């Protein structure tokens, strides 16, 4: 049988009053990514031809934050219920395609669960995603006959027997475009809230003798939404623990999974060790035998084999060669490239610069817009003065150069191979090969010096 085309509808128009935020609810993040972006990504993974994003509150913010997303923006000017929301997208539905309804504030739904749901959809019927809850209070109960779903009964309308049912509605469903359009047109708002509910489609399908089947989510957290920051934090921690568990099973040693955050993707080699309170953002690649100390932040970096990153170092958009040592308290800013066996120590900042093989920048140093050759030693307190208040200039240092402590290199300037720069020197002109340069004033000794006396 030919597989039907698929489109997705994502409900994301709610304000999220209980977040106490100017940001629309679905833009609050899980693992550094807006909740609704997680759902959009899943819809793409399912192979959705069209993704209809229903938006309302904070529309300008939604469009700004999701400007690069390939979605059909569908405005719901008034929030009049879930069926009303889907109805806004109905004119775009093709009769013979499947439509899956998802929720922008339920970010942990998985591709596998949705594939099972789509596979289970009966011809001209509905497949409904349900879940069993130990405490189903407040949720619509699933009423079955001969295995099929015949109704969803809300808490306030349920009798004593129905209240004992543990299976509840999640709101996620699949049907074909023609059926959705037919049933949505018949949904009324004769209820206390005066809203149009998607759950009414179950009764309408049964009236038309169309089958409604339920597929149960195996993990309740897949369908949990976040209406406040407490629930958001719970989803965040669940998701992070899930990611940490996967990495542990792949051989990554995470010392404490409860104190690890992955806010992007991590590609890793063997025998990687990650200490507590490490944050990984964007796309990070770690080689074999990499050790990351406590409190480090890595964002969009490539780290070679046998690298040690000591505690509280921050690396962003950088490349580190094998057997390098970084930190503690080092900062690699965008464009930093360290070759193999380099050392970058405490309170060193490197930006848009290359450091050659075996070179050391160990203490209290700023290196910006620079090229440092191999086997150099850059002393404590060295500054590359790369900015004149309007433009940036380069410092180029050759191989086997020794730069003494408290040296300023005023760019643009070049230091040739083998040069030695004495401590306390200010370099304003190019330095030749194997030269020694010292610019500090001669030391004076004044005998019998009397310190000033404090006036009373």
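Each Cβ is built from the backbone N, Cα and C atoms, and glycine gets one as well.
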Handout entry: Residue among 416, 419, 423 sharing the acetyl-CoA site, where Swiss-Prot lists 380, 386, 387, 405, 440 as binders
Key = 423
Practice task
For the region 'N-acetyltransferase' (251-456), would you mind checking the mean pLDDT of the predicted model?
Solution key: 98
Fill in the blank from the handout: In three-state DSSP terms, residue 387 (acetyl-CoA binding site) is classed as strand
Fill in the blank from the handout: Close in space but at least six residues away in sequence, with Cβ under 8 Å from that of residue 227 (Mg(2+) binding site), the same-chain residues are 16, 18, 19, 25, 105
Problem - Structural state census, the region 'Linker' (230-250) (DSSP three-state) - result: 20 helix, 0 strand, 1 coil
Exercise for the section: Measure from the Cα of residue 440 (acetyl-CoA binding site) to the Cα of every one of the binding-site residues 11, 104, 154, 333, 377, then give the nearest. Expected result: 377
Exercise for the section: Express the distance between the Cα positions of residue 154 (UDP-N-acetyl-alpha-D-glucosamine binding site) and residue 380 (acetyl-CoA binding site) as a whole number of Å. Expected result: 70
